[in-house]
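Student: The structure that follows is given in the form of structure tokens.
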């Protein structure tokens, strides 16, 4: 029997390093935006910003929870089909065994280190909704943080005179917002790239796992073909392998 415990979802220990780092960065950027950006925006911008920000943040939190909490394992009960020697059971033909979660995942796509959970048939749709929600949220944050920084440099921070921020210098607030903006741009671009890739894979009708395996096999085939070409096309000096008669 396999002694390693099977993980049900992304909330079970051990927590992943990337998972903790991602949550820390995400929390910092949202806290910075809420405390050090929104309060200094003009009233009209604040009204628009808060509405869009709250909706996109709620959506992001909801689908992050659903994607992380869902158990994507293969619950198939059958006496036919592929047999997993680790799970010791018959599984669906689309299932693959994840070494990290130690279980077979139905319609396996990939193991996501950000949510510390596998993405498969049971939570793939929520994963896509999560990406869309993050993109919408980050669009809002990037847009209004940029407007704030532009206005900040134009007015030299004259609007920051609230008692709650007297101990913070304008430079410190500007630096925190600029750092947060860089992180937001990183989150936004990576989410766009990931969503675009999944759109491409959807059109091709393959999963991330199948794409990686196919790409790896092609690279191996190209390497072997290249090595074969070098050997077959190499100039050979027959005087070095056969006697020369004068």
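Quick reminder: no glycine exception, Cβ is built from N, Cα and C everywhere.
Pulled the feature table from TrEMBL, pasting it below:
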type	residues	note
DOMAIN	82-214	domain 'Palmitoyltransferase DHHC'
TRANSMEM	20-41	transmembrane segment
TRANSMEM	47-65	transmembrane segment
TRANSMEM	127-153	transmembrane segment
TRANSMEM	173-195	transmembrane segment
Student: Which value does the mean pLDDT take for the domain 'Palmitoyltransferase DHHC' (82-214) in this predicted structure?
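Tutor: Averaging the confidence scores along the domain 'Palmitoyltransferase DHHC' (82-214) gives 89.
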Student: With DSSP as the reference, give the number of residues of the domain 'Palmitoyltransferase DHHC' (82-214) in helix, strand and coil.
Tutor: 77 helix, 16 strand, 40 coil
